[in-house]
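If you scroll down you'll find the structure; I have some questions about it.
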Amino acid sequence: MPNNQLSNATISNTINMSAWQGRTDPEDGELGMRWHQKVLPADQANEEGIMLLGFACDAGVARNKGRTGAYGAPIAIRRALANLAWHHQEPVYDGGDISCDDGNLELAQHRLGEDVCLALRQKHKVIVFGGGHEMAWGTFQGIGAYLLQKQEATESIKAPLNLSEEKTAEPNVKGTAIPTPRVGIINFDAHFDLRNPPSGPQASAGSSGTPFHQIARFCELQHWPFNYACLGLNRGSNTQALYEKADRLGVLYRDDTELTHRTIEQTQAALNTFIAECDYLYLTIDLDVFPACVAPGVSAPAARGVSLEIIEQLMEPILTAKTEQGDSKLLVADLAEYNPRFDIDNQTARLAARLTWTIARAIR
């Protein structure tokens, strides 16, 4: 999207702490704390921790001809998370929501990327609540900007950053090439979300079905490897063309029928190899990977899906992966496609909250 269109559009960015309410147990003192008593607004982030961001947007779902309603997901996930018991060491901050109120998806993704990049520069880990899976392109814009800035700082180059332009490989001041960052994208999802944008593979306007195509295009322009794993696919919801494209791109994928207790060891081995070959990780969970009986509140409910127990086992090596310096490889995790409009008794919100709780407890 041209810069003048970005600047003329309106996207709201607000921090509303009213969702953080719940039960209190004063008789238990500090050991009786719950999330709503511990989460702080981002302007009180005085030390490294976990930054929560929201992406209130389903414009990409609408473009992809899906069921809208994911706009209301971030606040609903916070409400479900608020009453969970606190078992964490790191502080957690709420950085507010990017709200796409006028259908300008490209600006919303750009603004989400800015917030993700800022949080990473402040040395926080990031968890994003969505919103349609178009959020993944916004999240990755933030990861990409952060890593490019790290590269440029190392190379002592002060040229302005432009994510839309091809980056040529340049040596640092000593003439030694800077290693290309290897970002592993791990997507638990019933869909590849590798579609070409409607106006062509090089177009910037996408949908909830195109984010990983857009990420692949970005990686191509930056001369980065595209390391993508998609686990939990519903073969009946992905065309042969998408499987062929995934093969061309070297995607590691598994269908939902392959993610069972009988076969999980093979998948774990492949995933461990994938993780070992990456410097950084980005975990994205589309809640439609779970069975509809577990996650009814999604844009595209799954007739079969993958059990929470299997997903949790596959998440473990992602959450515990460390760099050579002992830091978590995981930079950002996000939860996509929660649709409160179709939820039953907040069941899917509770699932999203439990996943958030698990991620937050493990990544530090």
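Heads up, the Cβ atoms here are built off N, Cα and C, so glycines get one too.
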Among Asp43, Asp279, Asp286, Asp288, indicate the single residue that Swiss-Prot lists for the Mn(2+) 1 site containing His133, Asp189, Asp193.
Asp286
Of the binding-site residues His133, Asp189, Asp193, which one sits closest to Asp288 (Mn(2+) 2 binding site) when you measure Cα to Cα?
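Looking at Cα distances from Asp288 (Mn(2+) 2 binding site), the smallest one goes to Asp189.
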Inside 10 Å of the Cβ of Asp193 (Mn(2+) 1 binding site), count up the other Cβ atoms and send me the figure.
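I get 30 for this one.
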Tell me, if you would, which residue among Asp189, Asp286, Asp288 (binding-site residues) has the fewest other CB atoms within 10 Å in the structure shown?
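Among the binding-site residues Asp189, Asp286, Asp288, the sparsest Cβ neighbourhood within 10 Å belongs to Asp189.
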Would you mind pulling the DSSP three-state label for Asp286 (Mn(2+) 1 binding site)?
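Asp286 (Mn(2+) 1 binding site) sits in a strand per DSSP.
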